[in-house]
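Have a look at this one before I ask anything.
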Amino acid sequence: MYQHHNWQGALLDYPVSKVVCVGSNYAKHIKEMGSAVPEEPVLFIKPETALCDLRQPLAIPSDFGSVHHEVELAVLIGATLRQATEEHVRKAIAGYGVALDLTLRDVQGKMKKAGQPWEKAKAFDNSCPLSGFIPAAEFTGDPQNTTLSLSVNGEQRQQGTTADMIHKIVPLIAYMSKFFTLKAGDVVLTGTPDGVGPLQSGDELTVTFDGHSLTTRVL
């Protein structure tokens, strides 16, 4: 069972709960998906059962078509946020990590075409592999100007920087809190840069953010 932990692997005293995500938050990714830039952030939720440890081998579905990787900056919430100001958001951020928003792309395409919600494509079991978190007070970089990259079998597929986000981290979380109360232990995913693509059994992935790297593989 997944538990929040720091980058070194020590358990953190936060409950595991929901993941609130934003789609279409990088212009180049929007272009590669053939989508239009939304007027407001596109939000969706992954349940607790979507979370798994990025350090462990990834179990992906085999019965629903292609499974795509999307590397994202993850934000750990450390206090309740409801109708929050940006000042409250800054104080409530407990840490930063990196996550994969695994996506059943064929399923998502059908649901988009039918005008239906994305949950089946985005919120399935183990769809959110998550790293350990670096405490906000110890994060030496700028979370809003942090590099993100993902390589598969030594080939770089995704490379971006959080500086390119359309909706920046703090105002984005404040916006989320207008609709969903965020509690300590909740995680926010902030969108993916371009270069998303399919995963296959046996693939080895290296995920990097702000100079920190993790390697995992697909079962």
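Backbone N, Cα and C atoms are what each Cβ position is placed from, and that goes for glycine too.
Note that the structure is a prediction, hence the values are computed from the model and not measured.
Annotations per Swiss-Prot:
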BINDING   Glu70, Glu72, Asp101  Mg(2+) binding site
By a 10 A CB contact count over all chains shown, which of the binding-site residues listed here is most packed: Glu70, Glu72, Asp101?
Glu72
For the Mg(2+) site given as Glu70, Glu72, Asp101, which other residues of the same chain have their Cβ within 8 Å of the site's Cβ centre?
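Residues close to the Mg(2+) site, other than Glu70, Glu72, Asp101: Cys21, His69, Val71, Ala99, Leu100, Leu102, Thr103, Leu189, Gly191, Thr192.
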